[in-house]
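What follows is a short report on a single structure.
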């Protein structure tokens with residue numbers, strides 16, 4: 001048993017299947033995914049920042065969601081790409097803790113901001129006259145900061161509890177570090193970690209319940225007004241897709257981390273592990289960019305303008 005707070009501990013990670021044969025193929029695929037995540041999220045954030053018409057609460061929260069997607073993806077892809085190019089699947093305990101913090105604070109921040117976005121849609125459709133008073137720019141900033149405070153505080157507490165535990169095993173059966181995988185490396189009692197985990201699960205479920213209740217009220221409000229129904233389909237449908245997408249990915253991760261077993265095929269285990277770091281950061285900007293007319297119009301206009309500028313530069 002080794003005290004990982006005192007001595008540098010090197011941990012091994014799971015190797016992707018058939019790494020020797022397909023290592024460079026994996027590298028190209030993960031690099032393409034990372035570039036895609038960066039490009040579509042940065043493009044959407046730039047459009048929101050540069051277009052004054054999009055300086056509204058819903059788009060401010062959407063911008064935060066995209067920045068959070070970049071942050072979370074950066075906790076996984078650079079390390080995975082380095083492992084593939086170097087063909088060495090090891091990580092120090094300190095870097096493992098950092099990776100866990102980045103990925104999990106990103107996930108917690110995503111569910112909190114999705115909850116805030118549900119509240120935004122509830123006020124916009126059910127109480128339109130109070131919208132600008134209840135969701136002023138100052139309030140939006142406070143809500144974004146609150147989501148960051150909640151997610152980072154819970155992540156720090158969870159990661160520290162795992163970090164303080166002495167290791168007696170040194171292999172993580174996953175492509176990246178997560179909190180429960182670190183907990184399982186210790187032979188000490190995991191009672192406190194379980195209590196915190198259940199508390200976070202209750203908090204997660206409370207966010208989901210809040211969102212569901214707000215949507216029941218939204219649906220009842222939309223029955224009486226054609227305009228509200230249009231607003232619902234244009235702005236709430238992407239939010240519902242994002243929430244379902246995130247919830248399914250999160251449940252897959254819990255199933256893999258807590259209940260994963262060696263009798264599950266390795267390809268399925270890898271899929272469950274990667275679902276959380278691939279699907280939300282790719283599909284969130286695509287869902288919103290394609291479904292919300294104001295965003296879609298301005299993204300398309302900016303893309304056309306940039307292509308025209310590039311062609312004019314080449315001609316000159």
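Cβ coordinates are placed from backbone N, Cα and C, and glycine is handled just like the others.
Keep in mind that what you see is a predicted model, and the values were worked out from it rather than measured.
The transmembrane segment annotation in TrEMBL covers 24-46, 58-77, 97-119, 140-161, 195-216, 237-259, 271-290. The feature domain 'G-protein coupled receptors family 1 profile' is assigned by TrEMBL to 40-288.
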Region pair the transmembrane segment (140-161) / the transmembrane segment (237-259), three or more CB pairs under 8 Å: no
Mean predicted confidence [pLDDT] for the domain 'G-protein coupled receptors family 1 profile' (40-288): 85
Interface check, the transmembrane segment (271-290) with the transmembrane segment (24-46), three or more C-beta pairs under 8 A: yes
Distal contacts, the transmembrane segment (58-77) - CB-CB under 8 A, six or more residues away: 30-31, 33-34, 37-38, 41-42, 44-45, 48-49, 98-99, 102-103, 106-107, 109-110, 113-114, 116-117, 120-121, 124, 137, 140, 143-144, 147, 176, 235, 242, 277, 280-281, 284-285, 288, 294-295
Close approaches to the transmembrane segment (237-259) from elsewhere in its chain (Cβ under 8 angstroms; 6 or more beyond its ends): 65, 107, 110-111, 114, 117-118, 121, 174, 178-181, 204, 208, 211, 215, 269, 272-273, 275-276, 279-280, 283-284, 287-288, 291-292
